[in-house]
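*Asks:* Pasting the feature list from TrEMBL:
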- A:31-50: transmembrane segment (TRANSMEM)
- A:56-75: transmembrane segment (TRANSMEM)
- A:82-101: transmembrane segment (TRANSMEM)
- A:107-127: transmembrane segment (TRANSMEM)
- A:134-152: transmembrane segment (TRANSMEM)
- A:183-203: transmembrane segment (TRANSMEM)
- A:234-258: transmembrane segment (TRANSMEM)
- A:270-296: transmembrane segment (TRANSMEM)
- A:308-330: transmembrane segment (TRANSMEM)
Amino acid sequence: MTESTKQAAPVADAAPATGRRDVRALLQERWQWLAAAALVAAVCFAPFQLVPFRVFQLTMVLVYAVALLGLNLLVGHAGQISLGHGAFFAVGAYTSAILLHDHGLPHLVTLPFAAALAFVLGLGLGVPALRLRGLYLALVTLAIAIFLVPLIKRFESVTGGAMGLTLEKPVPPAWTGLAEDQWLYFLALAVTALAFASVYGLLRSRVGRALHAIRDNEAAAEVMGVKLSFYKTLAFAWSAMLAGVAGCVYTWTIAFVAPDSFTVTLSITLLAGLVVGGLGSMAGPVLGGLFVVYVPSLSQDINKGAPGVVFGLLIIVVMLVAPTGLAGLAGRAARSTRKVLQKERRNA
Amino acid sequence: MRRSVMGATAVAVLLASAACGGRGEEGGTTAQGECKGQQTTGITDKSVKLGGIYPLSGPASAYGQIPVGVKAYFDSVNAEENGIGGRKVTFVFRDDGYQPARAVEEARRLVEQEQVFALFQTLGTPSTTAVWDYAGQRKVPQVFVATGASKWGTDKSHPWTIGWQPNYISEARIYAQFLKGEKPQAKVAVLYQNDDFGKDLLGGFKKAIEGSQIKVVAEQSYEVADPSVDPQMRNLAGSGADVFLNVTTPKFGSQALAADAKNTRWNPLHIINNVAASLTVLRPVGFPNVQNTVSAAYYKDPVDPQWANDAEMKRYKAAMAKYAPNADVNNQYNAFGWAAAASFHKTMQAMKCPTREGLRDAMRNLKDVRVDMLLPGISLNTGADDGFPIESMQLMRFKGERWELFGQVIDTRKEFGPVTH
């Protein structure tokens, strides 16, 4: 009896210690998974906790995140540049709008059409991109963004001209019991998750490696057997497709399209959002989306007189503090916390 | 293994959130007594909160001066008259950068977070169109939107939204009426902006001259992104028209006036629309070059010396000096905002119930409401079949260094009947 208690005591002592070690080990090894799980939980619960206005803002963040994901594929991973992504966004938005307005298709059915049309146009733009580089490519893509607005106005019978098209919002199916804004949010979330999963898979494949090789050194990539023309054109097409998908979800969310929504400013805002968010990282587009949605309203809280100036200054500040974008900043912060933790552990 | 854990978590979370279901309609406050059940969000016996959406940044930021005039008006009413009927006005305005998507976001912010009583003005046809369905669904009045599109008055399915300024079709009727008397055989050349504004005005003009001897012999459009309208002006000059109708926004208005002045072989009667008729547009062209140009107005221009001793103009200038010392008191947009705010004041006073429904009914039942910042003889009128508060304008001719009003105030509703689409 005494023996057994003697034996039991050390065991009882040891149990909490191993438990603590387990938690710590779990935290260290799997913190990324835990963080991801926490994030999933947060994004799923958010629409039930927030007022519709906040849910709407988050939906817009998702819309821009998908567009930026496409732009990131092109700029961050393939090293090309585009000042005309607003145009592909507009193509997606208008494709969905026209199908909804003139043909009465269900909302979800318009998505593949928007994606396909943007993909084909992106493929078309990919051809000049083969011959042009840097500034010249930037100018050609900028021209597309400029030229699209008058084009939309010209085809008034289809696009509604300058008056735009007013549409119906997707109605949540009765079984979900969701409000309209929550349903929209989950639609956008599903599209976003799908887009991120496909891009993640794409980048881990040989395609991703080929794109990175092109970005880092075209000549070397070609020597290694990467077919430049093929991958560059495809990068443009995929990137345009994602922008088109984002445009389509935008149409669902706003239920109104007009040429003035898709001016050159949109293209430039997208590029700025991506650079601020972080080029070439998976988190960059999300952070960029947050930036594009929240910072304009933040900047007018700071100064009503000149919100545009404040917005510009904030971009400069972010670029000074975080030259690799907000994603890079987050990465650096994570690394330094880990270092601090390791030091603490050694001291302990 | 990790993946399955992740998947399980995600599924659990989704199930949990689906179980929570949607949220019920969160109700604002409602009234008791006579107006029982009507919405009183944003209004108490001592206060009323209004929200506006304007382009403070972006391509249309010149219009960002309008809320400055609105705010100066409400600030002065709060200080001098203890608000509107004892209710101090809080006016919150937000920037949408002339982007419809941001206008929707800001409208939701104002209604859901700021809990405003009403949206007082959204600016521009695209932004207002993007917001009006939402305003209707939430049953929030969207009062005196700052755009002249005719749909705010002709549409029957949005009772919560109403315009204010004369719509572009009414304005076109003024010019048609003028030409019928002045030049019944006129051959008209038109330059117009290729958007809803230009097309509404041109369409309205063509309809108004139907059955007369007046003919549109040439029309040219331009895009807002165009650098210049010189090519269009050359084409129009070749048409041999004796009247030139200039349907433009300020920048292009200046260009068209300059092109007309430069061309000495073509000297048509120049009619410029109200949007581009401010002195800031005419001055760069040179006053000697724009003599006898014709336009139309409905509110008092701060730079016009004939209002120098006008009581309301004095009040406006004093209030601007006090509450918006950095703003340009001579800017027409400030005066525009002031006049719209004063119109809102009168509408609030006419409310039977201090509720959103009360405001909606009041704004749709204005009878000869006189606003002092509007030209003498112009008043607000709406009714069950009339969704246009202002439909009268007066013609003016440029003489010396200023506009001179001439003729009588023309009530286009009386002359032409109601605007229909």
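Placed from the backbone N, Cα and C atoms, the Cβ positions cover glycine too.
A quick note: this is a predicted structure, and the numbers were derived from the prediction, not measured.
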*Asks:* Where else in the chain does the transmembrane segment (A:134-152) make close Cβ contacts, counting only residues six or more beyond its ends and a cut-off under 8 Å?
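*Replies:* Long-range Cβ neighbours of the transmembrane segment (A:134-152): 80-87, 90-91, 94, 125, 128, 159, 161, 259-260, 262-264, 266-267.
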*Asks:* Counting only pairs 6 or more apart in sequence, are there at least 3 Cβ pairs under 8 Å between the transmembrane segment (A:56-75) and the transmembrane segment (A:107-127)?
*Replies:* no
*Asks:* Run the contact check on the transmembrane segment (A:270-296) against the transmembrane segment (A:31-50): 3 or more C-beta pairs under 8 Å, excluding pairs closer than 6 in sequence.
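*Replies:* The transmembrane segment (A:31-50) and the transmembrane segment (A:270-296): touching, no.
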*Asks:* Let me spell it out: take the transmembrane segment (A:183-203), skip the flanking residues so only those 6+ beyond its ends count, and list any with a Cβ under 8 Å from a Cβ in it.
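*Replies:* Sequence-remote neighbours of the transmembrane segment (A:183-203) are 43-44, 46-47, 55-56, 58-59, 62-63, 65-66, 69, 73, 77, 107-108, 111, 169-173, 176, 211, 238, 242, 245, 249, 252-253, 282.
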*Asks:* Which stretch from A:82-101, A:234-258, A:308-330 shares the most C-beta pairs under 8 Å with the transmembrane segment (A:107-127)?
*Replies:* A:234-258
